[in-house]
Amino acid sequence: MQEFYRDTWAEIDLDAIAYNVKQIKRIHPTKSLFVVVKANGYGHGDVEVSKVAIEAGANCLAVSGLDEALRLRQSGIEVPILVLGMTRLKDVPLAARHNISLTAHDKMWINQLVQLPLKEKIKVHLKVDSGMHRLGLMDSDQVKECYEDLCRASMVEIEGIFTHMATADCDSEYLDYQIRQFRHLIKELDLTGVKYVHLENTATLLQKEFQFDHGIRLGLGLYGINPDEDFIPISFDLKPALKLFSNVVQVKKIKKGDKVGYGATYEASEDEWIGVVPIGYADGWIRLHQGRNVIVNGVECEIVGRVCMDQMMIRLPNPIPMGTVVTLIGEGMPVERVAREIGTISYEILCLISDRVPRVYKKDGKIIAVKKMRFE
Ligand SMILES: *Cc1c(COP(=O)(O)O)cnc(C)c1O
């Protein structure tokens with residue numbers, strides 16, 4: 001097993017990933033489950049997460065770009081992989097060679113795709129824009145025309161058709177509008193033979209029941225996180241898979257009036273114990289965390305002074321031994337709270353954890369692998 005030589009690490013519970021897959025499979029037993037592992041599996045590790053999710057019952061993978069898909073293929077994964085973003089036309093033959101499914105998102109792109117001299121069939125999912133106005137076709141005539149062009153092309157297989165919801169975690173009315181709009185845009189298509197009609201991201205699948213789609217795209221829920229607990233109450237649990245830890249590397253007593261960190265922005269209001277924690281913005285622990293709390297021995301301790309590139313300081317209630325564990329994300333400090341307190345979303349906190357932070361993988365309570373992505 002790989003070793004790592006620093007006091008900061010992310011722990012990923014692969015049993016939690018498997019558990020979450022099974023929970024979603026339990027409520028949607030008949031639908032194909034695409035697990036979304038873009039951005040290195042939301043920071044958890046794409047290959048490790050994919051393998052465990054597939055073992056637990058996931059049917060397909062979804063990523064953002066072709067590089068991410070190729071990485072998964074190179075790791076020996078054989079299930080269908082869908083690229084959700086736009087793929088350049090010159091890269092289509094490469095995708096076809098590796099049996100990677102692409103998103104057909106634009107009329108001009110589709111016109112050129114069907115003229116490519118392909119040696120292998122390319123699988124595509126037609127992307128319909130039902131109201132988010134990101135990728136996809138938004139006009140019903142255009143959807144129909146493009147669909148028929150793709151049907152006629154001998155080297156193209158339409159494997160799926162899909163759309164994406166903009167407000168499933170915050171506005172049910174607009175969500176309902178988008179669902180109606182999606183149904184309207186595809187109503188004239190003969191979809192027999194299209195394997196996957198899919199529209200549900202985590203927030204949608206946690207609150208809606210549909211009969212007409214055959215696939216769900218599970219991102220944040222795979223990692224055990226509800227996009228918005230207040231807006232989407234669910235009656236079953238998901239288990240968060242990632243924890244972020246560090247160890248205190250120095251403890252010192254400062255005097256009332258002493259200052260801490262770059263810019264000397266913190267001044268001790270009495271004699272205080274300060275701990276140095278070796279994590280900083282180069283690890284994705286950005287400067288906005290100044291003034292927030294971390295957990296040490298079950299007690300909340302404030303991050304004082306500016307977060308540096310590689311280190312930060314915390315105020316301790318009393319002296320503690322060097323090496324004491326600091327929980328930045330985990331028990332007592334869920335990622336949802338971390339995100340809320342700096343005005344962002346859990347997705348961003350997780351993706352920001354940089355590849356300098358080693359990932360420690362646990363299964364059945366035991367460490368089974370360590371990944372040092374930056375140093376591979
Ligand atoms: C990222 C993404 C998802 C997953 O969304 P979650 O909210 O994480 O479940 C699904 N579909 C598309 C098109 C995406 O880009």
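Heads up, the Cβ atoms here are built off N, Cα and C, so glycines get one too.
If you draw a 10 Å sphere around the CB of Lys38 (active site, proton acceptor), it holds 19 other CB atoms from the protein chains shown. If you look up TrEMBL, you'll see Lys38 (among others) marked as active site, proton acceptor.
Classification of Tyr262 (active site, proton acceptor) by DSSP places it within a helix. Shown in sequence order, Gly305, Arg306, Cys308 are the residues of the chain, 6+ apart in sequence, with a C-beta less than 8 angstroms from the C-beta of Tyr262 (active site, proton acceptor). Under the heading active site, proton acceptor, TrEMBL lists Tyr262 (among others).
Marked as substrate binding site by TrEMBL: Arg134, Met309. Around the Cβ of Met309 (substrate binding site), the same chain contributes Gly280, Tyr281, Ala282, each under 8 angstroms and 6 or more positions distant in sequence. Met309 (substrate binding site) falls outside any helix or strand according to DSSP and counts as coil.
Across the domain 'Alanine racemase C-terminal' (241-362), the model assigns an average pLDDT of 98. What TrEMBL lists as domain 'Alanine racemase C-terminal' is 241-362.
Per TrEMBL, the feature N6-(pyridoxal phosphate)lysine maps to Lys38. In the three-state DSSP assignment, the secondary structure recorded for Lys38 (active site, proton acceptor) is helix.
Counting residues of the domain 'Alanine racemase C-terminal' (241-362) by DSSP class, helix then strand then coil, yields 23 helix, 47 strand, 52 coil. When other Cβ atoms within 10 Å of the Cβ of Arg134 (substrate binding site) are tallied across all protein chains shown, the result is 11. A coil conformation is recorded for Arg134 (substrate binding site) in the three-state DSSP classification, outside any helix or strand.
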